[in-house]
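Notes to accompany the following structure.
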Amino acid sequence: MSKIIAINAGSSSLKFTLYEMPGEVTVSSGIIERIGLKNSIFTIKYGDGQKYNVVEDIENHEVAVEKLMKQLKELGIIADFSEITGVGHRVVAGGELFKESTLITDNVLEKIEELSELAPLHNPANATGIRAFKKLLPEITSVAVFDTAFHTTMPKENYLYSIPMEYYDDFAARKYGAHGTSHQYVSERAADMLGKPLEDLKIITCHLGNGASITAVDGGVSVDTSMGFTPLAGVTMGTRSGDIDASLLPYLMNKLEITDINEMINILNKKSGLLGLSGISSDMRDIEEAAEAGNDRAQTALDIFHNRVQKYIGQYIAVMNGVDAIVFTAGIGENAASTRKIIIDGISWFGCEIDDEKNNIRGEERVISSEDSKIKVLLIPTDEELVILRDVVCFAEKA
Ligand code: ADP
């Protein structure tokens, strides 16, 4: 039986799900976390609840892919690499070029690398993952699934910046957003869980991971999203600043004696967010632990994170002139019960309330608002891999 692997290479993680076809049966899944940091965590789930778990330093995504494939064989999950007939890669930035998923040719891979200027943390990681798989499995169906595709439905007034129109016409300078597969998947699941047609719902989806974005989904389509021209915009993230006043850049460059704007952008992408504010870590678990132990900077980082998410939810209630449901997903959204509670408590005026008992859960689909809550609040583990798998299957069937 053939197998298809879905790859989700994030800025600091590489997630995979291996499916046996037909039937979309998950035979193995796993994650390599903290890639590029000390003590990367390598986890593979397989068989009858078996788990392979190792902590080792994994320096980049190419090493991660090699180790993953080697381990799948060693654990007997695959007998040979040839069992894998298709691979789907999540790619963050598709620009205006890729409005839907596409077969990866050399030309497509080149374009994905060219689009790195739109997603400096992700596209290079995505491309490295694609190359590593091409090297190991050159013959298989290889598909790119773009995070920006879901947001191509945004209206002009939400994707255009208030800068001279020629910059959009000539250089495609606009908002693209990201995490589209995730926002699409959780909004569809939310409609199923609420037993209502997606077309009738206004949903705000909060994808809170190392990278974080909030999307306004009206009638099943993305109408606005917090990330911008690149994933640098929006809410405070693990290492990214989120929104700032552009005038701060020349001011800081002058003070810091930085002459290269790329150095400044690198600081905003890699040294800011929770990491820059706390001075401790980009990882929410480390921040929560430090805040609990009384570290002021960690507490401030937490407060700012909650505040930014609340502000975007407020904005999107205005953008859609209402909201039926708020969804939490991704690493922080799925696991950090206190974060969900603090965010919702702070916007209770709109008519939402957390049920503490229901909220006391991790990584399981559930309505976590109280019975009386006008706005339903849902925890929905994202499943970008399933969206990716289905797109690979579409292309494999056409081949
Ligand atoms: P990405 O795919 O963008 O790298 P993830 O969606 O995997 O990110 O989310 C990573 C984030 O989720 C990290 O900040 C991590 O600390 C956080 N996270 C994971 N588990 C927990 C937990 N139990 N409590 C709080 N935060 C958590």
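Using the three backbone atoms N, Cα and C, a Cβ is placed for every residue, glycine included.
What TrEMBL lists as active site, proton donor/acceptor is Asp147. Residues near Asp147 (active site, proton donor/acceptor) in space but far in sequence (CB under 8 A, at least 6 apart, same chain), listed by position: Arg90, Val91, Val92, Ala93, Gly94, Gly177, Ala178, His179, Gly180, Thr181, Ser182.
According to TrEMBL, the Mg(2+) binding site annotation covers Asn8, Glu384. Cβ neighbours of Asn8 (Mg(2+) binding site) (same chain, under 8 Å, six or more residues apart in sequence): Leu14, Lys15, Phe16, Arg90, Glu384, Glu385, Ile388.
Taken from TrEMBL, the feature ATP binding site applies to Lys15, His207, Leu208, Gly209, Asn210, Gly211, Asp283, Met284, Arg285, Gly331, Ile332, Gly333, Glu334, Asn335. Under the three-state DSSP scheme, Asn210 (ATP binding site) falls in the coil class. Within the same chain, residues at least six positions away from Asn210 (ATP binding site) with a Cβ under 8 Å of its Cβ are Gly10, Ser11, Ser12, Ser13, Met237, Gly238, Thr239, Ser282, Asp283, Gly331.
The substrate binding site annotation in TrEMBL covers Arg90.
According to its DSSP assignment, His179 (site 'Transition state stabilizer') is coil. Among the features that TrEMBL reports, site 'Transition state stabilizer' is placed at His179 (among others).
What TrEMBL lists as site 'Transition state stabilizer' is Arg240 (among others). Long-range Cβ contacts of Arg240 (site 'Transition state stabilizer') within its own chain (separation 6+, distance under 8 Å): Leu121, Gly211, Pro231, Leu232, Leu268, Asn269, Lys270, Ser272, Gly273.
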- [ ] Would you mind sorting out which recorded positions among Asn8, Lys15, Arg90, Asp147, Leu208, Arg240 put a C-beta under 6 angstroms from ligand 1?
- [x] none
- [ ] Mind checking which of Lys15, Arg90, His179, Arg285 has the fewest other CB atoms within 10 A of its CB? They're the recorded positions.
- [x] Arg285
TODO: Let me know how many other Cβ atoms fall within 10 Å of the Cβ of Asp283 (ATP binding site).
DONE: 20
